[in-house]
Amino acid sequence: MPPGRAGSAGQKDAALRLCWSCCRLRAPHLHREAPHECSGSSRLVGKPGRTDRPVSSPEAAAAGCSVPCKMPPEQLEDLCRRERLHCRDLGVSRANINHYEVEFLCDYKKTKDTELYMVKWKGYPESENSWEPKKNLKCPKLMKQFHLDLDQMLRRNKRHSVPKKLDKETVSFLTQKAKLHLSLQRWEAHLNQTRNHPGRIFVRNEVDLEGPPKNFTYINNYRVGPGIVLDEMAVGCECSSCWEEPVNGCCPGASLHRMAYNDRGQVRIRPGKPIYECNSQCKCGPECPNRVVQKGIQFDLCIFKTDNGRGWGVRTLQHIKKNTFVMEYVGEIISTDEAERRGHVYDRQGSTYLFDLDYVEDVYTVDAAHQGNVSHFVNHSCNPNLQVFNVFVDNIDERLPRIALFSTRSIRAGEELTFDYKMQSKYRNFWTTERT
């Protein structure tokens, strides 16, 4: 197990200055606590009337001046343990200061009567990895994942049993896979912190060593490009019950269309017909059956790496009934002229995510290349289980519909979600090796 290193005197002083400045750390020989602020900015905070200046000692911190900390709490906790410091806010105490967390397992060997694992300790460099007997490790999930990755490597090399000692190639693979799992877990956590819909997002890659996509930002709604304005709905319906007693046909009737959903929220109009949902100006409540797409993704979905060369894909983790809303296609709204310019760039890169909004007029395009949601990862199929519908909620401009994907049939849990890129609202330049 990693030793509780005290470090040099200079390192200790630096650690104390950092800890006192940003997390009210208390060393055994110190008794005063500094103010705590962890905003992540570079702003200096002090008492009114004082000249703000960086804190360089516990005494200055106790006087009421602090420096916001840019270090994540996890790194601060690791620093506490390395420097043998106690911190109430981070949960590091005299009782648990010698507790160490396994970050991942990266090697294995078996002696006559003992199984040993090489452990990468959280907060410590790989130079301090250590062999630990299986009986000392309390990390069943990490151990299960290690053996799944090891089995994958053994099958690749057409080996049927685990050797007593692993070769360098296998150890390198296991280390890379462990680091991949960590990066995907962080991305998964970020996606779930960013989403505003009930459905959770999971991320899996059991195929290769590709990590999270670069230069991609998860968004929940359209991002409007330069020079484009969304016209908000000016009026709403007067219905007390939009399904049982619609006034003048409710919101769909105001646009000379019929109600698109049944009482269970399933779409009942044919593809190509628009959907007009109740909006923020309507008198009906959030449980109105004419509010479906605006409630967001309701199902747990998994972004996964496909094993047939189609890149990332999306599968549902729950059963989805026929004619049920699944997700929206969102991205940046741009003009068709800008879409033509970007399309040439994307063609050279080998893929594009441009979706023309051509319900009434081909004026705008949705670009989900760098900003989008789960739909960014949905693959094409000539026999899809999702269908595109144009939806209007708080926007009255028929040139800017919301693009909703509904199930065309019952979809089993674990089944991949797909739609036809050539249906209704067309995709441009979407036919690439990666996404077909």
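Including glycine, each Cβ sits where the backbone N, Cα and C put it.
Annotations in TrEMBL come from automatic prediction, not curation.
Listed in TrEMBL:
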{"type": "REGION", "residues": "37-60", "note": "region 'Disordered'"}
{"type": "DOMAIN", "residues": "100-147", "note": "domain 'Chromo'"}
{"type": "DOMAIN", "residues": "235-296", "note": "domain 'Pre-SET'"}
{"type": "BINDING", "residues": "CYS237, CYS239, CYS242, CYS250", "note": "Zn(2+) 1 binding site"}
{"type": "BINDING", "residues": "CYS237, CYS251, CYS278, CYS282", "note": "Zn(2+) 2 binding site"}
{"type": "BINDING", "residues": "CYS242, CYS278, CYS284, CYS288", "note": "Zn(2+) 3 binding site"}
{"type": "DOMAIN", "residues": "299-422", "note": "domain 'SET'"}
{"type": "BINDING", "residues": "CYS382", "note": "Zn(2+) 4 binding site"}
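Its Cβ taken as reference, CYS282 (Zn(2+) 2 binding site) is surrounded by 20 other Cβ atoms within 10 Å in the chains shown. Nearest to CYS282 (Zn(2+) 2 binding site) in space, judged by Cα atoms and limited to the binding-site residues CYS237, CYS239, CYS288, is CYS237. Spatial neighbours are here defined as Cα atoms within 10 angstroms of one another, and by that definition the neighbours of CYS288 (Zn(2+) 3 binding site) among the binding-site residues CYS237, CYS242, CYS250, CYS251, CYS278 are CYS242, CYS278. When the binding-site residues CYS239, CYS242, CYS284 are compared by Cα distance to the residue listed as 'Zn(2+) 4 binding site', the shortest distance belongs to CYS242.
With respect to their backbone Cα atoms, CYS278 (Zn(2+) 2 binding site) and CYS237 (Zn(2+) 1 binding site) stand 7 Å from each other. Around CYS284 (Zn(2+) 3 binding site), the C-beta neighbours below 8 angstroms that are at least 6 residues distant in the chain are CYS237, CYS239, SER240, SER241, CYS242, CYS278, ASN290, ARG291.
The number of other CB atoms found within 10 A of the CB of CYS237 (Zn(2+) 1 binding site), across every protein chain shown, is 24. Apart from CYS237, CYS239, CYS242, CYS250, the residues listed for Zn(2+) 1, the same chain places the Cβ atoms of GLU238, SER241, PRO246, VAL247, CYS251, CYS278, CYS282, LYS283, CYS284, CYS288, ASN290 within 8 Å of the centroid of those Cβ atoms. All protein chains considered, the CB of CYS288 (Zn(2+) 3 binding site) has 21 other CB atoms within 10 Å. Those same-chain residues not listed among CYS242, CYS278, CYS284, CYS288 yet with C-beta within 8 angstroms of the centroid of the Zn(2+) 3 site C-beta atoms are CYS237, CYS239, SER241, TRP243, CYS250, CYS251, CYS282, LYS283, GLY285, PRO289, ASN290, ARG291. Just so you know, the Cβ of CYS382 (Zn(2+) 4 binding site) picks up 9 other Cβ atoms within 10 Å once every protein chain is counted. Counting neighbouring Cβ atoms within 10 Å of each of the binding-site residues (CYS239, CYS242, CYS250, CYS278), the lowest count belongs to CYS239.
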